[in-house]
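Pulled from TrEMBL, these are the features on record:
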type	residues	note
DOMAIN	B:3-179	domain 'Electron transfer flavoprotein alpha/beta-subunit N-terminal'
BINDING	B:R199, B:224-225, B:238-242, B:255-262, B:N276	FAD binding site
Amino acid sequence: MKIIAPIKRLIDHNVKVRVKADGSGVDLANVKMSMNPFDEIAVEEAIRLKEAGKADEVVVVSIGVKQAQETLRTALAMGADRAILVVAADDVHQDIEPLAVAKILKAVIDAEAPGLVIAGKQAIDNDMNATGQMLAALLGWGQATYASEVGIEGDHAVVTREVDGGLQTIKVKLPAIVTADLRLNEPRYASLPNIMKAKKKPLDEKTAADYGVDVTPRLEIVKTAEPAARSAGEMVGSVDELVSKLKEKGIV
Amino acid sequence: MAVLLLAEIAGGALALDATAKAVTAAKSLGDVTVLVAGPAAAGQAASQIDGVAKVVVADDAAYANGLAEPVADLVVSLAGNYEHIVAPSTASAKNILPRVAALLDVMVLSDVTAVVDGSTFERPIYAGNAMQTVKSNDSKKVLTVRTTAFDAAGQGGSGAVEAIAAAGNAGLSEWVEDKVAASDRPELTSAKIVVSGGRGVGSEENFAIIEALADKLGAAVGASRAAVDSGFAPNDWQVGQTGKVVAPELYIAVGISGAIQHLAGMKDSKVIVAINKDEEAPIFQVADYGLVADLFEAVPDLTKALKE
Ligand SMILES: Cc1cc2nc3c(=O)[nH]c(=O)nc-3n(C[C@H](O)[C@H](O)[C@H](O)COP(=O)(O)OP(=O)(O)OC[C@H]3O[C@@H](n4cnc5c(N)ncnc54)[C@H](O)[C@@H]3O)c2cc1C
Ligand SMILES: Cc1cc2nc3c(=O)[nH]c(=O)nc-3n(C[C@H](O)[C@H](O)[C@H](O)COP(=O)(O)OP(=O)(O)OC[C@H]3O[C@@H](n4cnc5c(N)ncnc54)[C@H](O)[C@@H]3O)c2cc1C
């Protein structure tokens, strides 16, 4: 079975985000970019399934700017076998909406015929939490989102999901879409020899037009603003002082 | 203009708080029809929410466990009559609505925090470090609304309740089991007070002191990701960018450093109290009251002081 893991290149999670002064968006020029943390987890899971003999090939796909190559190389260094880059934008500030991403991924999947797709649960830039579900809809496949455990049993995946009340386990028919939550695994670091080896692994480059997908956004950004700031309050010296402050406020 | 609102069902009953909050957001968009993919009793409960014009109930085994595929197909089968499809931003609706949107060939808007007009909405991005106003050019708008941003609609509605047929089940997935911890505590996302513990708490056993304080205050218990990852607390307690978003009257953060991903889930709380032994901890920058102390002394003392 082949597994596809779609990965997104975005602002590193340790970088403090700055809203551009003209309100057009977030400043992404000259900031550190990395793989979406949830996608590292997805790639790790795909590699583990391969190591466990449940899969024979792991293909990583990224849609975005040319520089997403670096992100794909990171995934190859972790242990993915092959990468596909679909260039759909030439400026990092031009983000591709999940619906368009899902349409491109569908085209890639139609050509590659994987048995399983593992995506991240959400991209930590736009926090949409949508692409995997949209892709499942377009393919007419089952979906198991927010996975904290994935097992392959014959023609099904048995997936434990993190839901509001706790955990839910479901069985989905393969092929299916799984989206990775935080506790699915702890992604490995790529070793230096593997980083070197990754440079020689195949990376195909395509464009959105190759797949005939129109990436025109459906949503128009009217403005981007700083959130209302919260200012620091006061320090209290003791538990008793804290209790009297809270009593004054009438909240305890 | 008409709105179809997918009711939140939990444990076979209407999740009133989340649904009533979504009704408040939906009311400003048009007449609200609530869809209950669940039992008739949940439909009755939904009809009593103020501002609900009508309730349609599809009670079928296919919907018993909220599986995304059949529920999405049901929503899509009804979508023709509505311009907006709305649900509260719960784990369940966030699983279903993007699927609905893709089937309708429209974008989804997740976690809407304000309705500007029928096609313009505000939502947080980058863990709430930026607020974006977006205008949808799609014919139908599919959105989930962040429940902490809207007050719950009151009771007193008298919408008509109509049973409708199910929309089939392609059988793509199958429910196996739920592991839901029963708790007498209030629900995390609607509690008036939340007491959260972080890595500083140190172990699952030590979490008992957090729970004791919470029980003293009638509060819900939350946790940082580090506490959940370390196995001190269950996953459904996680507060933050990728966990639950809460905005209680009082949020007490204990042994939590205040990473942006955690702040994303609680910085809209009315009053924030932080207890941390490190006076440099970033949590103090958002706290109304900060106490530099060892939590193993301060928390039991606080629990005791509140008893008096
Ligand atoms: C600076 C900026 C400018 C923007 N400009 C516009 C604009 O002009 N017009 C507009 O309509 N919207 C714009 N947006 C919004 C943006 O298009 C969407 O809201 C965004 O793509 C939401 O999805 P997400 O990345 O949060 O995906 P999610 O659905 O949260 O991602 C989930 C998973 O899907 C997969 N995935 C997602 N994206 C990719 C990808 N590119 N390649 C491979 N896999 C992927 C990954 O596995 C990921 O973990 C902008 C956003 C930003 C930050
Ligand atoms: C993709 C992604 C998503 C994430 N999502 C979330 C999320 O949803 N929610 C979330 O919370 N985090 C999230 N995180 C993790 C986040 O970045 C932090 O790592 C996490 O919040 C840290 O948890 P903490 O504050 O408990 O631990 P630490 O940062 O380790 O802080 C522990 C604190 O406890 C204090 N302490 C220790 N001992 C004592 C004592 N005896 N008395 C008093 N104080 C003490 C220390 O001074 C310290 O400040 C995410 C990260 C990533 C990359």
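A Cβ is built for glycine as well, from the same backbone N, Cα and C atoms used for every other residue.
Those TrEMBL annotations? Automatic predictions, nothing curated.
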Cβ neighbours within the same chain of B:Q241 (FAD binding site) - under 8 Å, at least six residues apart: B:A127, B:G128, B:I260, B:Q261, B:H262, B:A264, B:G265
Set of same-chain residues at least 6 away whose C-beta sits under 8 angstroms from B:I256 (FAD binding site): B:S196, B:G197, B:G198, B:R199, B:G200, B:S224, B:H262, B:A274, B:N276, B:I283
For B:R199 (FAD binding site), the number of other Cβ atoms found within 10 Å of its own Cβ: 17
Rounded mean pLDDT for the residues that make up the domain 'Electron transfer flavoprotein alpha/beta-subunit N-terminal' (B:3-179): 96
Chain A neighbours, filtered from binding-site residues B:R199, B:I256, B:A259, B:H262, Cβ-Cβ distance under 8 Å: none
Which same-chain residues, if any, lie at least 6 apart from B:Q238 (FAD binding site) yet have Cβ under 8 Å of it: B:G222, B:A223, B:S224, B:R225, B:V228, B:K244, B:G265
CB contacts for B:H262 (FAD binding site) [other CB atoms within 10 A, all chains]: 27
